[in-house]
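Student: Below are the structure tokens for one structure; questions will follow.
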Amino acid sequence: MPRHGVSAGEGHPRSSWETESDRSRGSPRLRLLWIGLAVALALPDSLVLWAPAGAHPLPTQSDPARFSRLVPQLRNAFGWWNLTCPVCKGLFTAIDFGLKKEPGVAWVGSMATKLCKLLKIAPPTVCQSTVQLFEDDMVEVWTRSVLSPSEACGLLLGSTCGHWDIFSSWNVSLPAVPKPSPQPPKPPAPGAPVSRILFLTDLHWDHGYLEGTDPDCENPLCCRQDSGLPPASRPGAGYWGEYSKCDLPLRTLESLLSGLGPAGPFDMVYWTGDIPAHNVWHQSRQDQLRALTTITALVKKFLGPVPVYPAVGNHESTPVNGFPPPFIQGNYSSSWLYKAMAKAWESWLPAEALHTLRIGGFYALSPRPGLRLISLNMNFCSRENFWLLINSTDPAGQLQWLVGELQAAEDRGDKVHIIGHIPPGHCLKSWSWNYYRIVARYENTLAGQFFGHTHVDEFEVFYDEETLSRPLSVAFLAPSATTYIGLNPGYRVYQIDGNYPGSSHVVLDHETFILNLTEANEPGATPHWQRLYRARETYGLPSALPAAWHDLVYRMRGDTQLFQTFWFLYHKGHPPSEPCGMPCRLTTLCAQLSARSDSPALCRHLVPDGSLPDVQSLQPRPPFC
């Protein structure tokens with residue numbers, strides 16, 4: 001059950017790394033009891049919270065099945081068959097108390113570090129730094145959710161002793177107002193105004209980037225001073241960036257922003273987050289705020305009076321992916337980040353938007369007559385946001401708020417653009433399915449969806465819920481500015497039905513621009529940002545409406561050359577050397593149809609024999625975290 005009433009402690013004490021005390025943790029069996037559940041929570045997902053290099057999209061955790069399968073083993077191991085409900089709850093109350101004491105936190109960290117090293121999840125120094133960064137927050141989350149007396153005993157002894165409902169299903173409420181009949185947008189009249197929107201995402205500035213260092217080091221992020229030098233047989237990191245697990249130096253971002261002229265002019269900018277680098281095992285709040293203020297100042301310097309509308313990425317916080325819902329108060333909360341964002345972005349956003357940004361990291365505003373822009377905090381849907389273990393039911397009430405915004409826009413006759421970082425097809429199942437239902441209800445109002453996060457160039461098609469066959473919306477997933485991993489730097493420009501009465505505000509076309517690192521890093525060369533492709537021209541699309549993208553997927557299924565073009569552009573002109581065979585192709589194409597997570601029926605027509613690919617486990621994306 002949701003536990004919004006649980007108050008958070010104001011303090012956030014840092015643990016003493018070497019201190020241990022058996023007294024605070026109880027008996028050996030008690031220690032084994034809670035560490036067994038902790039490991040059961042962490043290990044099935046390859047310790048993703050502690051392993052920044054292993055952050056591929058994960059299978060959803062929408063039900064407790066994987067925990068339930070472990071219960072008989074745990075009972076046998078620890079002799080729980082005769083454990084009564086009162087004793088169980090008393091036991092876990094003691095666990096909660098012992099864990100939150102400083103020695104208990106330190107012991108959790110010690111155990112996690114040993115596991116990380118034993119399983120070779122990351123180099124030893126990365127293991128220790130990551131666990132030390134995560135340990136306080138993880139203990140707080142574990143004791144509020146997985147190890148809370150009601151949740152844990154409900155799992156171990158059944159529903160008569162408590163209720164285990166982590167990641168359970170839930171639904172938002174839609175208004176009783178009948179849905180209008182679908183009305184596809186009409187093509188704009190010849191000569192109608194067209195707006196250009198610059199789209200920036202996943203900049204990932206690495207203030208520690210160092211030319212000449214090893215781009216293939218053992219750490220999750222390389223091309224840094226701690227990466228060391230490469231062997232004499234291999235070149236070091238390039239001046240402008242590198243095709244490896246490296247982020248960007250500030251000069252490359254300056255080059256991007258200063259070289260925007262040929263791609264403009266721009267009417268506005270959508271900027272969907274992920275500002276800091278991928279050195280997630282060694283980041284402080286001060287580091288994150290420096291990245292926020294430095295890159296915001298750079299954007300303002302080069303874009304001047306052009307309005308910029310940001311969204312919150314999963315890397316803005318530390319620990320990475322850690323975004324507590326607003327009911328978490330005190331030093332554990334995200335208020336330090338949201339308040340800093342509001343201050344940095346106050347020249348771009350009106351007071352009403354700044355108000356909700358400070359509370360939950362999301363907002364809405366009207367950039368022009370007839371258009372409403374909604375910036376969502378997609379961390380509240382994220383599988384990697386460990387704070388959602390406490391309560392994943394519509395965190396911050398954001399989806400219900402979205403429904404209200406969309407209904408108000410429908411009543412006014414306005415159109416809506418939604419921006420966010422993590423795409424809806426990558427979200428926890430209940431959040432994703434609720435969002436899908438909202439998109440279907442307001443298909444006439446929703447004119448565009450724009451996301452990032454995956455670092456590659458793709459899209460997600462939405463269908464009617466009744467038949468899953470009529471395309472009604474499309475989310476565009478733009479490629480990253482960063483090279484991480486093995487990519488060219490890039491950015492996107494959208495052409496939108498322009499600013500005039502009766503505009504549909506839909507996407508008419510888009511262009512992607514890149515910096516070819518091979519050319520830029522040549523001795524004596526200067527960076528030249530070039531257009532990689534135009535979508536409609538390259539793919540032969542009659543429009544940029546949802547049906548055109550649906551048809552493109554099915555054309556690529558049977559046209560190898562067309563798919564290879566897509567595969568090349570998917571990787572911003574620098575695809576992996578390994579060929580993408582038929583299983584890879586079907587998995588990639590299925591992902592373009594999967595705007596709703598854990599919904600294999602969306603791909604049922606893609607594979608003639610019905611052997612659907614496992615999108616979540618096989619999707620050939622570059623690692624991101």
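Just so it is clear, glycine is given a Cβ too, placed from its N, Cα and C backbone atoms.
Quick paste of what TrEMBL says about this protein:
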{"type": "REGION", "residues": "1-24", "note": "region 'Disordered'"}
{"type": "COMPBIAS", "residues": "11-24", "note": "compositional bias 'Basic and acidic residues'"}
{"type": "DOMAIN", "residues": "81-165", "note": "domain 'Saposin B-type'"}
{"type": "DISULFID", "residues": "Cys85-Cys161", "note": "disulfide bond"}
{"type": "DISULFID", "residues": "Cys88-Cys153", "note": "disulfide bond"}
{"type": "DISULFID", "residues": "Cys116-Cys127", "note": "disulfide bond"}
{"type": "BINDING", "residues": "Asp202, His204, Asp274, His455", "note": "Zn(2+) 1 binding site"}
{"type": "DISULFID", "residues": "Cys217-Cys222", "note": "disulfide bond"}
{"type": "DISULFID", "residues": "Cys223-Cys246", "note": "disulfide bond"}
{"type": "BINDING", "residues": "Asp274, Asn314, His421, His453", "note": "Zn(2+) 2 binding site"}
{"type": "DISULFID", "residues": "Cys381-Cys427", "note": "disulfide bond"}
{"type": "DISULFID", "residues": "Cys580-Cys584", "note": "disulfide bond"}
{"type": "DISULFID", "residues": "Cys590-Cys603", "note": "disulfide bond"}
Student: State the count of C-beta atoms found within 10 angstroms of the C-beta of Asp202 (Zn(2+) 1 binding site), not counting that atom itself.
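Tutor: That number is 26.
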Student: Closest of the disulfide-bonded residues to His204 (Zn(2+) 1 binding site), Cα to Cα, picking from Cys116, Cys222, Cys381, Cys427, Cys580?
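Tutor: Nearest candidate: Cys222.
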Student: Which disulfide-bonded residues from the set Cys85, Cys127, Cys246, Cys427, Cys580, Cys603 come within 10 angstroms of Asp202 (Zn(2+) 1 binding site), judged by C-alpha positions?
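Tutor: If one measures from the Cα of Asp202 (Zn(2+) 1 binding site), no disulfide-bonded residues come within 10 Å, so the answer is none.
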Student: CA-CA, which of the disulfide-bonded residues Cys85, Cys161, Cys427, Cys580 lies nearest Cys222 (disulfide bond)?
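Tutor: That would be Cys580, nearest by Cα distance.
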Student: Pop the Cα-Cα gap between Cys217 (disulfide bond) and Cys88 (disulfide bond) into the table, whole Å please.
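Tutor: Cys217 (disulfide bond) has its Cα 47 Å from the Cα of Cys88 (disulfide bond).
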Student: Where the distance is taken from Cα to Cα, which of the binding-site residues Asp274, His453, His455 turns out closest to Cys427 (disulfide bond)?
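Tutor: Answer for the nearest of the binding-site residues: His453.
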Student: From the recorded positions Cys85, Cys116, Cys223, Asn314, pick the residue whose C-alpha lies nearest to the C-alpha of Cys590 (disulfide bond).
Tutor: Asn314
Student: Have a look at the binding-site residues Asn314, His421, His453 and say which one has the shortest Cα distance to Cys246 (disulfide bond).
Tutor: His453
Student: Which one of these disulfide-bonded residues, Cys88, Cys223, has the sparsest Cβ neighbourhood, judged by other Cβ atoms within 10 angstroms?
Tutor: Cys88
Student: Output the one of Cys116, Cys153 that, of all these disulfide-bonded residues, has the highest number of other Cβ atoms within 10 Å of its Cβ.
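Tutor: Ranked by Cβ atoms within 10 Å, first place goes to Cys153.
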Student: Cα-Cα separation of Cys116 (disulfide bond) and His421 (Zn(2+) 2 binding site), in Å?
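Tutor: Rounded to a whole number, the Cα-Cα distance is 29 Å.
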Student: List the Cα distance (Å, whole number) between Cys584 (disulfide bond) and Asp274 (Zn(2+) 1 binding site).
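Tutor: With the alpha carbons as reference points, the distance is 28 Å.
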Student: Can you tell me the mean pLDDT for the domain 'Saposin B-type' (81-165)?
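Tutor: Summing pLDDT over the domain 'Saposin B-type' (81-165) and dividing by its length gives 82.
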Student: List which of the binding-site residues Asp274, Asn314, His455 have their Cα within 10 Å of the Cα of Cys381 (disulfide bond), in sequence order.
Tutor: none
Student: Look at each of the disulfide-bonded residues, Cys161, Cys222, Cys584, Cys590, and point out the one with the fewest other Cβ atoms around it within 10 Å.
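Tutor: Among the disulfide-bonded residues Cys161, Cys222, Cys584, Cys590, the lowest count of other Cβ atoms within 10 Å belongs to Cys584.
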Student: Nearest of the recorded positions to Cys217 (disulfide bond) by CA-CA distance, picking from Cys161, Cys223, Asn314, His453, His455?
Tutor: Cys223
Student: Distance check, please: Cα of Cys127 (disulfide bond) against Cα of His421 (Zn(2+) 2 binding site), rounded to an integer number of angstrom.
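Tutor: His421 (Zn(2+) 2 binding site) has its Cα 27 Å from the Cα of Cys127 (disulfide bond).
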